[in-house]
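Everything below concerns the one structure shown next.
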Amino acid sequence: MKFGKGVCIINVGGTKYAFPKDVIKDFPLRRVSRLHSCASEREVLEVCDDYDRERNEFFFDRHSEAFGFIMLYVKYGKLRFVPHMCELSFYNEMIYWGLESSHLEFCCQRRLDERMSDTYTHFTEEHHETDDEFRTDASSNGKRDSKWLERMRRTFEEPTSSLAAQILASVSVIFVIVSMVMLCASTLPDWKTAESNTVEEHRIIEAVCIGWFTAECIVRFIVSRDKCEFVRRPLNIIDLLAITPYYISVTMTVVTGENSQLQRAGVTLRVLRMMRIFWVIKLARHFLGLQTLGLTLKRCYREMVMLMVFICVAMAIFGALAQLLEHGLDLESGNEEYASIPAACWWVIISMTTVGYGDMYPITVPGRVLGGLCVVSGIVLLALPITFIYHSFVQCYHELKFRSARCTRSLSAEFLN
């Protein structure tokens, strides 16, 4: 396309920039340089929002301040974020003008990566929920059964979605507490003595709790939209792990007999019985704190792995040195508690975490110096990744609190209506 003048005017959000025609051809921004290769006004309008042939002015309805910072990159070769502007919004402007995240300075690129990682996790969950609700609403027009299933699903899956969901969640919490109290009390010596007299009552209470959890799990599976996705969810897997041991233990008791002398079967039954402690994790459905903890661990798995690597490396180094200083240099009168590196690693882990049980401790001067270094190193190594985990915890808490407040407002509106 032949430009009417030797100077082209780029108008971005009301801010004008004048460039010679030859500069437009080799302009660092791809969208601007494409104007030179346009053969018709129609092609020009595919690149910009409007074009004035008389003034040879190209209009772009974009963020003018963001483009000003992009022009600073064109002039000086350094690209940074606009102050008080969302990183993702600025990144969208960069993509529009033909830039990539690699053009950013390292500090800004790291901020963008962290923001995109957090927003991706939050957005995908919200997007899937909104998309599923949209598809359900679109497919259930004129179908009362679909609306009924959707209402049932929200009642069982979202405790703050309605008054009935809150009542159901409260009943579920009561059953979890009762089952936990029964499980803990069953290990007391006095309880075992009186168990022969009240064994029938204990079995009835346990069966009622298991029956409630089983019915709840079955109903939630029936009303779920995607059965495969339901099975893959961590909380649903925990529900299955909490329910299955009861039925396995009942089956094994029936098969092997109540007073069976099979030691292996008895150990298996005790292990299965203790697996019911997973019931307490069911409280994560109803308490914001446990949900925040789970979301934080999900987002900070890299930091958790890094923390474990720090601890393992320190255990290997200090464990080997402690075994050498306390036992390896003097085999006859050495400290027998440090006879092996694995035994010394136990002392390292309780020293690094500043627990200090006192069950084993160094007795030589070099060993005590090493113990002091071990404690100081543990404080430093544990503090490094904890800062990232703390900030992620605060962010997850605010996100879940905002989502809970939004559900509470819709619940209040439903109750008033």
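We number each residue from 1, going along the chain as drawn.
Each Cβ is built from the backbone N, Cα and C atoms, and glycine gets one as well.
Automatic prediction, not curation, is the source of TrEMBL annotations.
According to TrEMBL, the domain 'Potassium channel tetramerisation-type BTB' annotation covers 9-107.
Annotation comment: TrEMBL describes 163-183 (among others) as transmembrane segment.
Annotation source TrEMBL lists domain 'Ion transport' at 166-399. Across the domain 'Ion transport' (166-399), the model assigns an average pLDDT of 79.
What TrEMBL records for 203-223 (among others) is transmembrane segment. Residues 149, 152-153, 156-157, 171-172, 175, 178-179, 182, 230, 236, 239-240, 242-243, 246-247, 279, 282 of the same chain lie 6+ residues outside the transmembrane segment (203-223) yet bring a C-beta within less than 8 angstroms of a C-beta in it.
The transmembrane segment annotation in TrEMBL covers 235-257 (among others).
Annotation source TrEMBL lists transmembrane segment at 277-297 (among others). Tertiary proximity for the transmembrane segment (277-297) is limited to same-chain residues at least six positions away from its ends with a CB under 8 Å from its CB atoms, namely 121, 159, 169, 172-173, 176, 179-180, 183, 213, 234-235, 238-239, 241-242, 304, 389, 392-393, 396-397, 399-401, 404.
The feature transmembrane segment is assigned by TrEMBL to 304-325 (among others).
When Cβ-Cβ distances below 8 Å are used as the criterion, the transmembrane segment (337-357) is approached by residues 311, 314-316, 318-320, 322-323, 326-327, 367, 371, 374-375, 377-379, 381-382 of the same chain, each at least six residues removed from its ends. If you look up TrEMBL, you'll see 337-357 (among others) marked as transmembrane segment.
The transmembrane segment annotation in TrEMBL covers 369-393 (among others).
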